[in-house]
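Novice: Below is one structure. I have some questions about it.
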C-alpha cells in the first residue's frame, strides 16, 4: 500500500469523526429528555441512553416564556457545571452547546418551543439521523457535504468577524481622518484601531478566497474575483464617515451574496440528495437479495473502516478532555493517576465512547497476541487472528451487561476495573489456546529445537504465575463478591488448562523418546483430559449459578443489562454445559462399550506374536501384545479399542470381529479356541486385502449371472461405501471428544503411514471392488491417526 493511499484513507477516517462527535453530544444530553432536575445525574452518568432517563413532559404556557427560558439556561448551565466538576465529559463541545442554548433561548418564541420536551427530542432525533446518514456516505458525497458545510460556516464566521471589527471601529476615532491627516503616531500605535482591525481584514480576504474556491453555487467569473472584496467590504466601508444606523447593516448586506449562492446550492442539490438516498436504498436491497444481510454488514464495515473511525474518535475525544482539564488547572504533573481515572471515566460515558474504547482495547489485545506469536515463532495461528475481535466483543458485552454508561463516575470507574479484570483472564485463555497446539506439535518431533521448547514452556510458566498473582492482589484488596468469584473461577480454570497441557506434552514427549510401544499412554491421556474437562465443567456450572444470582439480585436496576445477561446465560448453559455434558457422556459410554468388547477377545501369546512377526495394521507399531479378532487378525488393544468407537468390523477384511452366539451357531467355519493356539502364517495386511479382493471379485462374477443379482450386488457395494464414509467421518467427530487422541503431536508420522496404507489397499484391490476398498482405506487411515506418534529414524532430524 502506497503512502498516498494511506494518507487518503486516513483523511477519509478523519472526515467521518465529526458526525460521531455530534452523535456523542446528543447522547450525553439524553436525546433532550433530561429535565433540570435530572440534568445533574445526566451529566454525571454520561447519558446512558433514552431508556435510562426518567423523562417528563413540560407543559409550557405562553405567558411564562421568560421563566421557561431561564429554566432552560439554568438546566444547561447546571449540566455543564456538573459535567465539569464531577464528569468533565462535556469539555469544549459541552460549553459550546451551552452557549448555543443561551443564544437560542434569548428569543421568546424559540424558548417556548425548546421548553417542550417533545420538541427537544425531535430536534435531537433529527440531528442524530442526519449525523448517522453523513457517517455512512460514500467518500465523494462526504466531500460534497463538507464543502457545503464549510462554505456555510465561512459565511457565518465572516459575519461574526465583521460584527466584531465594526464594534471596534464604532468606538474608535475615524480612521479616514487619521489617514488623510497623516497622523502616523495614532495609526502606528499598538493599541490603535488600525492594529485591531487589520487581522480582521486579512482574515476576511482569505475567507473570501476560500469561499470562492469551495462553494458549490454558480461560478460567475466576475463574481469569483470579487468575493474576497465582498467579504472585507463591511470593514472597509466602516472607515468612511457613515451613519451608525447604516454601519449596522453593512455586514448583512455584504453576506447576502454568499447566502444566495449557498441557498442556490441547497435548492439545486435537493434532487441530488433524494437520488443519492434512493440509489443507496436500491444498492442495499440488491446486495441483500444477492448476498444476504450479513454480507452487506461486513462490506459496509470494511468500506467505512469502522474500527479506525471509532479509535480516532475516542483519541480525539480524550485529547479534548485532557486539554480542557489543563485549561482548568486540574492536571497534577506529580500525580497523574486522578487525571487518568477521570479520562477513563469520561471515555466510557456514552455508547459511542464505549465503542471507541472497545476499538482501542481490540488493537491492544491484537498487538499482545502478535507479541506472543512472535515470541513463540509461530505465524499461522487462527486463534491469534481472532484475538482482537473476540476481546472487543467481550468487553462491549460486559459494558452492556453491567450498565457501564448509566453509573455514577466513581461507580463507573470501579465497574470498568472489574470488567478489565475479567478481560485479562479471558486474554490468558486466548494465549493458552495459542501455545497449546505448539506444545503438542513440539512433542511429536524426535530432534526438535530446544529454543522453541524453552519459549513455549516459559509462556506456560507465565500463564500459571499471572493468574495466581492477579488473584492474590484482588483478594487482598476486595471483599468476596460475585465478580471476584467469576474472576477466580476463570483464573483457576486457566491454571488447570495449562497444567493439563503440560501433562499431555510430557506424556507425548516421553512416548516420542521410547523405543517400544507404550500401550498405557492412551489411558493416561484419558485420565488427564478427563480431569481437566471435569474441572472446566464444574466451573461452568459454578459460573452459571453465579450469573443467575447476579441476574436475580444485582441487575434489578439495569433492565437492558439483565436481558443481555439472561441471553448470555442461555448460550452458556447450552454450549458449555449441556453440549459438553452430552458429548462427554457419549464418549464415556463408547469407551466403556469398547473396553467391554475388547475384554471378550483372546490375548495373543508370545509364540503367536513371534510367528506373526508384523506390525499393527492400524498404528504401524511393533506388537509386544495384541488381541486376536474373530477373523484371526492381530491388533493392539488400544488401537482396536479406538476402532471400535466407530464400528465392529475388522479394519482389514470388514468381517465381524466379536464372538457372538448367533455367529457361532450360523457359521461352522469359525475357528475354535484350540485352533487359535497354533501359530499363524506370517501374512501382511496387503496379502489379506488382496485375497479379500479376489474372493469378492469371484463372488461378484458368480452373482452376475442374472440382472437382479447384479443390481443387488451394486446396491450392496454402494451401501457399504456409504456406511464406511459415515464411519470415517465419525472417527473425526469422536477424536475431538473427551478421550480423543487426534493430536498435532502424532499427526505427522501417522498421516504419512496412513497414506501409504490407503495407497497399498487401493492398488491391490480388484477393479470390481476398488470403490469399496478405497472407502475402507479412508476409514482405516482415519482410525490410524492414533495417540502414538510415528517413529522417526534415528538419523532423521527435524529442523526448526
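All residue numbers here begin at 1 and follow the chain in the order shown.
Using the three backbone atoms N, Cα and C, a Cβ is placed for every residue, glycine included.
This is the feature table in TrEMBL:
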| type | residues | note |
| --- | --- | --- |
| COMPBIAS | 700-715 | compositional bias 'Low complexity' |
| DOMAIN | 616-654 | domain 'RING-type' |
| REGION | 691-715 | region 'Disordered' |
| REGION | 744-770 | region 'Disordered' |
| TRANSMEM | 119-138 | transmembrane segment |
| TRANSMEM | 144-169 | transmembrane segment |
| TRANSMEM | 190-214 | transmembrane segment |
| TRANSMEM | 226-242 | transmembrane segment |
| TRANSMEM | 249-268 | transmembrane segment |
| TRANSMEM | 339-365 | transmembrane segment |
| TRANSMEM | 386-407 | transmembrane segment |
| TRANSMEM | 419-442 | transmembrane segment |
| TRANSMEM | 454-475 | transmembrane segment |
| TRANSMEM | 481-510 | transmembrane segment |
| TRANSMEM | 530-551 | transmembrane segment |
| TRANSMEM | 563-581 | transmembrane segment |
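Any idea what these are sitting next to in the structure?
Specialist: The list of residues near the transmembrane segment (144-169) in space but at least 6 beyond its ends in sequence, with Cβ under 8 angstroms from a Cβ of it, reads 15, 134, 137, 175, 193, 196-197, 200-201, 203-204, 207-208, 210-211, 214-216, 231, 234-235, 238-239, 247-248, 250-252, 254-255, 258-259, 261-262, 265-266, 269.
Long-range Cβ contacts of the transmembrane segment (226-242) within its own chain (Cβ-Cβ under 8 Å, at least 6 residues beyond either end) map to 158, 162, 165-166, 169-170, 174-176, 197, 200-201, 204-209, 211-212, 250-251, 253-254, 257-258.
Counting only same-chain residues 6+ beyond the ends of the transmembrane segment (419-442), those with a CB under 8 A from a CB of the stretch are 361, 365, 368-369, 372-373, 376, 378, 381, 383-384, 387, 390-391, 394-395, 398-399, 402, 404, 448, 452-453, 456, 459-460, 463, 466-467, 470, 474, 483, 486-487, 490-491, 493-494, 497-498, 501-502, 504-505, 508, 743-745.
Sequence-distant contacts of the transmembrane segment (454-475) (same chain, at least 6 residues past either end, Cβ-Cβ under 8 Å): 372, 375-377, 421, 424-425, 428, 431-432, 435, 438-439, 442, 484, 487-488, 490-492, 494-495, 498-499, 501-502.
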Novice: Report, as numbers and ranges, every residue of the chain located at least six residues beyond the transmembrane segment (386-407) whose Cβ falls under 8 Å of a Cβ in that stretch; write 'none' if there are none.
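Specialist: Non-local partners: 45-49, 52, 348-351, 354-355, 357-359, 361-363, 365-366, 368-369, 415-416, 418-419, 422-423, 426-427, 430, 557-558, 560-561, 564-565, 568.
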Novice: I need to check the long-range neighbours of the transmembrane segment (119-138): which residues 6 or more away from its ends have a CB within less than 8 Å of a CB in the stretch?
Specialist: 16, 19-20, 22-23, 26, 29, 31-33, 113, 145, 276, 300, 304, 309
Novice: How does the domain 'RING-type' (616-654) divide up by DSSP, counting helix, then strand, then coil residues?
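Specialist: Result for the domain 'RING-type' (616-654), in helix, strand, coil order: 8 helix, 6 strand, 25 coil.
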Novice: Suppose you look only at the domain 'RING-type' (616-654); what would the mean pLDDT be?
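Specialist: Averaging the confidence scores along the domain 'RING-type' (616-654) gives 85.
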